[in-house]
Amino acid sequence: MADDSASPSPSSASPLQHHREALKSSVRNTAASRRREQAIAIGKERREALIRAKRVCRAPISGSDEAEMEEGDMVVDEEKACLEAKTAHAVEELKSALSIQGKGVQKKKIEALRDLRRLLSQPEVPLVDTAIKAGAVPLLVQYLSFGSSDEQLLEAAWCLTNIAAGEPEETKSLLPALPLLIAHLGEKSSTLVAEQCAWAIGNVAGEGAELRSTLLAQGALRPLTRLMFSSKGSTARTAAWAMSNLIKGPDPKAANELITIDGVLNAIIASLEKEDEELATEVAWVVVYLSALSDRGISLIVRSSVPQLLIGRLFSSENLQLLIPVLRGLGNLIAADDYMVDSVLTVGHNIIDQALSGLIKCLKSDNRVLRKESSWALSNIAAGSFEHKKLIFASEATPVLIRLVTSMQFDIRREAAYTLGNLCVVPTGNCELPKIIVEHLVAIVDGGALPGFIHLVRSADVDTAGLGLQFLELVMRGYPNKQGPKLVEMEDGIEAMERFQFHENEQMRNMANGLVDEYFGEDYGLDE
């Protein structure tokens, strides 16, 4: 993911003058930047991993007549040329059915649409390009005309859905169909037709920012919001999925527009309150993008029941596809608005206990994304009050974080390091060095975390190395009986710091040299 934001370089005059802010900054002060970068990266992540940005519709929508029919055996081993010929013929049949009149014409239209749809739905040979070159899209637009039967509209929208699931240029071919697809999202359309049109729109929105802008300009947001209220689970899920594709950014305009639509927050809450985990998953992605891109959205969401509902899911669910957006949405909210930590995650209330339990579950997961995102969320909570620090420190999170900072991948080490660092300091509220919570520092160092921080000092990433240096300063300044420098030396910390002696980054050079001079100068070791 391209969602890692950098912490400010430490001050050369006072290495930890703003230590709380320095530790906190990578996840709070520059949280908006990281959240926006996430919104860009998530689309690619969903396409390649658990939740695809574009989806082929192979099975009939529940409730349609086709769901009750035998699909018939497709001959899957036909040669590509034969299937392409069938596709071109199916498009010709579409054209022919539009030109005839009289008895049986409607049946012929449906049969022609269904033949094309079945060919576009089969997974063995991609036939979208063949259909487009044969002229399918403008014909399908005609089949979407108002006054057509629901069955015809459904089949036409289904064909367009699978064309939109193709390659980028294939998806762009749907531009002439977008106004009618959006129009059929309206209240006068049947639920089946509206759902299929939402699916097609979701595929188009999943392709890129240019097509999303077109959909927004043509008014797709409001009818999709209405569909999220549908009592039919698959319709609400499809609408939420299409919505998340539509607002994913990087332009925040769509997210800011969405949060102003009457009822959208109520729709999100109502969806999260249902037992439907698939619906909750899609709606959680909507929350992810709103919390990544819209400051107004963040303010409204944190003051609603959404955080409590997300925490409930985090605490109770073992569904990875649900946990990822739930955790990321919570992480965004915690990073973006102090209200989340100060007024929602109040120590002594059940909600913080549930949140901490859910975060620890994710920390211990084998899934890399869950470990990283839970560390990020915890680092922000740990940057809160002394009570929050004590609660996290006393929990199972601390030994797990120590393990992560010493043995995991680089990005997870860094997030875990921010959390552990924040557990060790209390801000003074002025320009002085932060007060060290000695009990926490000693336990974390004695628990084996120091080698992990020295490893960070050796990082090629300057900001990560700065984080490691900041923690070494805490150890050397705050470990009892002036044993901190010796502990750092025993783990080859001096050598790690000396690599910055002639470093091109002046702030890092001054910080590292200042620490070496202060703690390992001429008087070092004389007390022994």
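Using N, Cα and C of the backbone, Cβ positions are placed for all residues, glycine too.
According to Swiss-Prot, the protein has these features:
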type	residues	note
COMPBIAS	1-15	compositional bias 'Low complexity'
REGION	1-36	region 'Disordered'
REPEAT	125-165	repeat 'ARM 1'
REPEAT	167-206	repeat 'ARM 2'
REPEAT	209-248	repeat 'ARM 3'
REPEAT	253-292	repeat 'ARM 4'
REPEAT	294-335	repeat 'ARM 5'
REPEAT	338-383	repeat 'ARM 6'
REPEAT	386-425	repeat 'ARM 7'
REPEAT	438-477	repeat 'ARM 8'
Secondary structure split (DSSP) over the repeat 'ARM 2' (167-206) reads 29 helix, 0 strand, 11 coil
How do the residues of the repeat 'ARM 6' (338-383) split into helix, strand and coil according to DSSP? 36 helix, 0 strand, 10 coil
I'd like to know the mean pLDDT over the repeat 'ARM 4' (253-292). 96
